[in-house]
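Some features that TrEMBL has for this protein:
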- A:C12, A:C92, A:C186: [4Fe-4S] cluster binding site (BINDING)
- A:H36, A:H70, A:H120, A:S214, A:S215, A:N216, A:S258: dimethylallyl diphosphate binding site (BINDING)
- A:H36, A:H70, A:H120, A:T158, A:S214, A:S215, A:N216, A:S258: (2E)-4-hydroxy-3-methylbut-2-enyl diphosphate binding site (BINDING)
- A:H36, A:H70, A:H120, A:S214, A:S215, A:N216, A:S258: isopentenyl diphosphate binding site (BINDING)
- A:E122: active site, proton donor (ACT_SITE)
There are 2 protein chains.
Amino acid sequence: MKIELASSYGFCFGVKRAIKIAESAGNAATIGPLIHNNEEINRLAINFNVKTLNGINELSDERKAIIRTHGITKDDLAKLKQSSIDVIDATCPFVTKPQQICERMSEEGYDIVIFGDENHPEVKGVKSYSYGRVFVVLEENELDDIKLKQKVAVVSQTTRKVEKFMQIVNYLMLRVKEVRVFNTICNATFENQEAAKELSKRADIMIIIGGKNSSNTKQLYLISKNFCKDSYLIESEDEIDKEWFKNKELCGISAGASTPDWIIQKVVNKIEKI
Amino acid sequence: MKIELASSYGFCFGVKRAIKIAESAGNAATIGPLIHNNEEINRLAINFNVKTLNGINELSDERKAIIRTHGITKDDLAKLKQSSIDVIDATCPFVTKPQQICERMSEEGYDIVIFGDENHPEVKGVKSYSYGRVFVVLEENELDDIKLKQKVAVVSQTTRKVEKFMQIVNYLMLRVKEVRVFNTICNATFENQEAAKELSKRADIMIIIGGKNSSNTKQLYLISKNFCKDSYLIESEDEIDKEWFKNKELCGISAGASTPDWIIQKVVNKIEKI
C-alpha cells in the first residue's frame, strides 16, 4: 500500500506562532487550551510548565497568562489587563481580524452575522466584540425568522468551509440591501481543505489526524468522507485499526492545523508497518 | 388553446412614474428613449409632443429636457443643469440608488464592480458616478487578469438575474478580503422573472412582449427559453406567426417592464383569434 500526505496539511501560521510564544514565555497559564491538540498541550505542560486553565476565575498565583490562539472574550481580556498579571497574547492574527471587524461594524450600525459554531471559543470571542445585534449561525435558515436591518455585515469563523459561507451570503443578498462580506476564512484552512479534497478523490482510505474538538480537523474529515467513504479521524496512532487497510492501495493522510508533525510522523510510521 | 398571463409582468414602478412625468410635462425632449419601448415612445410623441433625442448635443430650442428612466451620465446631467433648460428628472429611483452608491464607494476608496452590460445607458450612467477604478462585467472571469484592491464594492444593473450576481459575488469573496454587496436588482424585475419561470415550466409556448433593446425583456425571454423551448420575443402583435401555436395547449404570456398594457392586450386579442 502506498502512503501519500496531502500537498498541504498540519500546523498553520497561528498555531506555530502560539507554540513559539508559549515556549519562550514558559511558567505560565493559558486561558483555555492554547491550541486544540491535547498531545501538544501536554508537551508544553511537561517541558515548559505551561498549564491550561478553564477560565480566568481559575487564576491564582500565576504571573503570566497566555491568550489562546482562538482568542478570549473582550470582557475577560479587559479583566486580565486590569489585574497585575502579565498578559501574553497568542491570539492568531487571523482571529484578531474578525474581532476588530465585529467591533467596527457594530459601531457603524450594522447587524452582524457570524458564520460559525456559537459554542466554539473563537466564535464566543469574536461575538463579544460586537456592541449591537449579532447572530451566530451555521445554516442560513436560522435567520428566517429574524427581522434584519437593511445593512448586514458578515464574518466567518476562520476554519469554516467557504462554500457554505457563500450560501449564507447569497441568502442575505436576497434579504437585505447591503451585505458587507468579510472573508475571514483562513487561507491555511482553505489550502488544507483543497489538498484533502484532491487527495481523497484518489485515495482508497483517508486518515485525518487531529483533535476531535478541532473545528478545522472535523471539516477536513467531512470533506474526505465526501469523496472517500473509508475516512477516519484519529487523534493518535493508538486508534489505528489494521482492518481498515485491507485491500487498500492508496492511503491518503491529512492533519488539522493544530496537529504537530511529531504526531503525524508516528501515525505514518505505524501505517508503514501494516 | 388556453392563454395564461404570468402572475407578474409588464410595467414597473419606474416606468409608470416616468410616463406620468412625461405626460404632465408635455412639449419636451428626452435624452435618449424615455423607456425601452418604441410603441409607447411614439404614443408620447404624438399625444404629448415629447420627442426623443440621441444626446444633449441635439438640444436646440427645447425648453424642457426629461431624463430617461435609465438615467444619464453625471457629466451630461451637470451640463444640462448649467444650461437654461428646465431639467425634469424621470430617472427611476432604483437607478439613482446605484449611481449614489458608486459615488460614495469610490469616495471611500473601494474598487467598484458593476454587474451589467457596459453598452446599456443605465450602466453608462451608473459608471459615470465613480471617481476611481470601476469595472463593468457580465462574467466573473472578466476580472481574472485585474489586480483588485482588497476592498471591492459591487452593484448590479437593475434588470439582471440575481443568480449570476451571486456568482460574481462568490468569485470576489475568494479574491478579496472585503466585498461590499449592494443588491440593486429591482424587485419588479425579479418578480417578473420568477413569474415567467413558473409559467414557462408549464406552458407549451411562451410569448414575451417587449422592446428588443430592453435588457429586462431579453432576460425574461432567456428564462422562458430555458424551460420552454418554444419561446418567442416580440415587440407587437404583427410579429405573431400562426404556425407557432399548432398542437399547443397552454400559451404563457409575459412582458418586459417597459411594455404598456395596451400592447399586451393587442397580442392577447390576436392569439385568442388563432
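For all residues, glycine too, the Cβ spot is worked out from N, Cα and C.
All TrEMBL annotations are machine predictions without curation.
The Cβ neighbour count for A:H120 (dimethylallyl diphosphate binding site), using a 10 Å radius and every protein chain shown, is 19.
Checking Cα-Cα distances from A:T158 ((2E)-4-hydroxy-3-methylbut-2-enyl diphosphate binding site) against the binding-site residues (A:C12, A:H36, A:C186, A:S214, A:S258) with a 10 Å cut-off leaves A:C186, in sequence order.
In the structure shown, across all protein chains, A:S258 is the one of the binding-site residues A:S215, A:N216, A:S258 with the greatest number of other Cβ atoms within 10 Å. Across the residues the record lists as binding isopentenyl diphosphate (A:H36, A:H70, A:H120, A:S214, A:S215, A:N216, A:S258), the two Cα atoms farthest apart are 15 Å from each other. Excluding the listed site residues A:H36, A:H70, A:H120, A:S214, A:S215, A:N216, A:S258, the same chain places A:I35, A:E122, A:T159, A:G211, A:N213, A:T217, A:G256, A:A257 with Cβ atoms within 8 Å of the centre of the isopentenyl diphosphate site Cβ atoms. Taking each Cβ in turn and tallying the other Cβ atoms within 10 Å, the top scorer among the binding-site residues A:T158, A:S214 is A:T158. Here the C-alpha separation of A:C92 ([4Fe-4S] cluster binding site) and A:H120 (dimethylallyl diphosphate binding site) works out to 15 Å. Other Cβ atoms within 10 Å of the Cβ of A:C12 ([4Fe-4S] cluster binding site), summed over all protein chains shown, number 25. Between the CA atoms of A:H36 (dimethylallyl diphosphate binding site) and the residue listed as 'active site, proton donor' there is a gap of 11 Å. Rounded to the nearest whole angstrom, the C-alpha distance between A:C12 ([4Fe-4S] cluster binding site) and A:H120 (dimethylallyl diphosphate binding site) is 18. Between the CA atoms of A:H120 (dimethylallyl diphosphate binding site) and A:C186 ([4Fe-4S] cluster binding site) there is a gap of 16 Å, rounded to the nearest whole number. Sequence-distant neighbours of A:H70 (dimethylallyl diphosphate binding site) (same chain, 6+ residues apart, CB-CB distance under 8 A): A:G32, A:T91, A:C92, A:V95, A:H120, A:P121, A:E122, A:G125. Under the DSSP three-state reduction, A:N216 (dimethylallyl diphosphate binding site) is assigned to helix.
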